[in-house]
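Participant: My structure is below; once you've seen it, I'll send some questions.
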Amino acid sequence: MSTGKRPVIAITCGEPAGIGPEISLRAAWELRAEIDGVLLGDAALLSMLAEDISPDIRLSALSWQAVRNNGLPQRSPERLTVIDCPLAVPAQPGQLDARNGGAVLQTLDVAIAGARDGLFEAIVTAPLQKSTINDAGVPFTGHTEYLAEKTATPQVVMMLAGGTPLLRVALATTHLALKDVPAAITFDSLSTTLDIVHRDLKAKFGIARPRILVTGLNPHAGENGYLGREEIDVIAPALQSAQARGIDAIGPYPADTLFQPRHLEGADCVLAMYHDQGLPVLKHASFGRGVNITLGLPIIRTSVDHGTALDLAAKGLGHADHGSMKEALAVAARMAASKASA
């Protein structure tokens with residue numbers, strides 16, 4: 001763990017053919033006075049990007065083996081540290097190559113190992129292309145699932161945050177087909193989700209008594225059972241159990257009316273039942289500035305609210321907006337500070 005004022009944050013640069021390396025480099029450099037961002041990616045690619053972006057950007061590259069043996073060297077805000085995760089073949093902007101899937105996974109493995117060893121106080125991930133890793137022969141569902149597997153975490157919760165005033169939306173389920181959502185919402189899974197959200201809002205966000213608003217699953221929260229019984233049979237009992245454990249979780253509310261200022265005032269988080277129930281509202285309010293946060297992990301992880309944008313990468317430098325990456329770094333730094341003071 002860093003003993004200086006700047007939190008040490010690992011930044012995985014994501015899909016090398018996308019905008020990840022560029023936005024990671026720009027954000028880390030612009031925030032270097034407040035955050036000690038350690039870039040994990042191909043050193044040659046990042047060096048080339050740095051030369052094209054600004055002659056002021058200075059990089060120092062070293063291998064992961066050197067870091068494992070000797071720790072991170074002394075650093076200053078005048079230079080960014082790169083842990084080299086070499087690509088198999090040079091990246092072509094906008095053109096995916098499965099041969100580089102292994103290098104992308106290596107950045108994640110290094111970030112996880114470093115965070116667990118105390119070298120990094122948080123991880124911030126740039127977007128990657130799931131198909132590249134799968135085409136490389138490694139079954140891969142996404143960052144969140146991979147981090148959970150590698151840290152032996154039985155259940156994690158996806159939460160996005162953004163907008164003014166700040167809105168946090170956590171999800172009871174993540175990347176599921178809509179037809180599979182009802183069966184995935186059980187008393188046990190929902191109870192665990194509420195425990196995770198409550199615990200991490202306290203420990204990693206410094207909220208003394210988090211207030212969580214919970215949506216129903218069905219239109220009008222089931223209309224007293226006429227439009228579905230999940231609210232009666234699953235969600236309400238899980239909420240009652242959570243309240244008995246001291247968790248301030250209330251609902252279920254109809255999702256179409258919950259996201260109004262008069263309901264959200266005083267709330268710290270909304271727990272939505274599925275991906276496209278909760279996230280459209282948040283992304284409408286903050287797309288390009290939102291932050292994806294994984295709750296429940298033993299380490300801190302945030303990410304951007306967008307994808308690899310291969311089309312923008314193909315156009316060359318300067319077309320990608322790195323605002324979400326800067327927000328992800330800032331949120332990770334605040335979470336690290338809250339965790340350290342807890």
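Placement of Cβ uses the backbone N, Cα and C atoms for every residue, glycine included.
Below are the features listed in TrEMBL for this protein:
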BINDING   HIS143, THR144, LYS283, ASN292, ARG301  substrate binding site
BINDING   HIS175, HIS220, HIS275  divalent metal cation binding site
Participant: Where among the binding-site residues HIS175, HIS275 do you find the Cβ with the fewest other Cβ atoms within 10 Å?
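Facilitator: Result for the binding-site residues HIS175, HIS275: minimum number of other Cβ atoms within 10 Å at HIS175.
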Participant: Among all protein chains shown, how many Cβ atoms are found within 10 Å of the Cβ of ARG301 (substrate binding site), not counting that one?
Facilitator: 26
Participant: Give the sequence-ordered list of residues that share a chain with LYS283 (substrate binding site), lie 6 or more positions from it, and have CB atoms under 8 Å from its CB.
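Facilitator: Expected: LEU160, GLY162, GLY290, ASP305.
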Participant: Look up HIS175 (divalent metal cation binding site) in the DSSP assignment and reduce it to helix, strand or coil.
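Facilitator: Reduced to three states, the DSSP call for HIS175 (divalent metal cation binding site) is coil.
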Participant: Among all protein chains shown, how many Cβ atoms are found within 10 Å of the Cβ of ASN292 (substrate binding site), not counting that one?
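Facilitator: ASN292 (substrate binding site) is surrounded by 24 other Cβ atoms within 10 Å.
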Participant: Report the largest Cα to Cα distance, in Å and rounded to a whole number, among the residues HIS143, THR144, LYS283, ASN292, ARG301 that the record lists as binding substrate.
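Facilitator: 19 Å is the greatest Cα spacing among the residues binding substrate.
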